[in-house]
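Colleague: Below you'll find the structure I mean.
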């Protein structure tokens with residue numbers, strides 16, 4: 001028994017090391033790739049100082065943090081709602097953040113500062129997450145809870161579409177492209193949003209014990225002495241915060257929070273002591289690679305990263321649904 005535990009521990013360490021190496025390689029590729037390829041040897045030249053340190057580095061850091069936040073949010077929501085299909089985009093949390101941001105643009109007539117828009121996006125995500133938690137407390141089946149989340153997402157999407165369609169504001173019309181997801185406008189001025197993600201990410205990665213209990217189910221977690229009300233509300237707040245900040249930085253990006261935790265679980269990373277940091281590393285790597293594809297796929301324009309993740313993630317999502325139905 002002890003030998004099996006040690007083997008599992010060594011395997012977990014190997015997975016985390018491999019994911020760390022993958023993330024570092026994706027980070028280097030993101031800094032080098034672009035309209036002009038700049039190798040690491042040229043990073044400290046005047047050209048490298050402009051393109052790498054002033055343009056690509058803040059974007060790369062934002063992609064890394066958002067990818068980690070979305071993947072961890074997916075893992076947390078799947079444990080919290082006891083639903084393997086739960087993730088911020090599918091359950092409408094990302095769209096809720098978008099509604100909050102668009103409401104801020106409308107009410108502020110485009111005059112609100114970026115920090116106020118970010119806070120409104122966070123508030124919108126929190127409201128939708130709290131509504132979902134309210135549904136969860138009514139002991140709905142997992143399929144009904146999933147449908148409730150999808151319905152909330154559709155309502156939020158309809159509200160955003162109506163607002164953009166009837167708006168005469170140039171800023172609001174530009175949000176239509178922004179809501180497809182993209183890091184094109186990220187620079188060092190958004191560093192406060194990046195910093196707002198770091199403490200929550202680190203804190204959640206340290207909460208493996210309550211997450212493992214939640215993954216066992218509500219009854220088992222209560223029998224083990226876990227204060228469910230406290231942890232549900234704290235994790236809801238943390239997840240809403242991460243999703244809101246991510247939407248404020250880059251718009252709505254789907255499938256990262258759904259696919260990454262599933263893939264890692266299929267690889268044997270079921271313990272949240274390994275799953276949570278693994279999701280952070282794998283989510284960051286996946287979004288960094290998707291961002292490189294978004295930048296390089298077209299010569300004269302940049303693809304919205306939400307389109308790239310949806311194109312790559314939708315087939316995986318369908319495969320997971322078929323696999324779960326067997």
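Using N, Cα and C of the backbone, Cβ positions are placed for all residues, glycine too.
According to Swiss-Prot:
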TRANSMEM  15-35  transmembrane segment
TRANSMEM  61-81  transmembrane segment
TRANSMEM  88-108  transmembrane segment
TRANSMEM  112-132  transmembrane segment
TRANSMEM  146-166  transmembrane segment
TRANSMEM  184-204  transmembrane segment
TRANSMEM  240-260  transmembrane segment
TRANSMEM  274-294  transmembrane segment
TRANSMEM  302-322  transmembrane segment
Colleague: May I ask whether the transmembrane segment (240-260) has at least three C-beta pairs under 8 Å with the transmembrane segment (302-322), counting pairs 6 or more apart in sequence?
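Modeller: Counting Cβ pairs under 8 Å (6 or more apart in sequence), the transmembrane segment (302-322) reaches the transmembrane segment (240-260), since there are 3 or more.
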Colleague: Between the stretches 15-35, 61-81, 112-132, 146-166, which one has more Cβ pairs under 8 Å with the transmembrane segment (274-294) than any other?
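Modeller: Out of the listed stretches, 61-81 contacts the transmembrane segment (274-294) most.
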Colleague: Could you tell me what the rest of the chain brings near the transmembrane segment (240-260), counting residues at least six beyond its ends with Cβ under 8 Å?
Modeller: 62-63, 65-67, 69-75, 77, 85, 87-90, 93-95, 97-98, 100-101, 117-118, 121-126, 128-130, 178-183, 186, 190, 193-194, 196-197, 200-201, 204, 279, 282-283, 286-287, 304-306, 309-310, 312-314, 316-317, 320
Colleague: Near the transmembrane segment (184-204), which same-chain residues lie under 8 Å Cβ to Cβ, leaving out any that are not at least 6 residues past its ends?
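Modeller: Contacts with the transmembrane segment (184-204): 54-55, 58-59, 61-62, 65-66, 68-69, 72, 76, 114-115, 118, 178, 235, 238, 241-242, 245-246, 248-250, 276, 280, 302.
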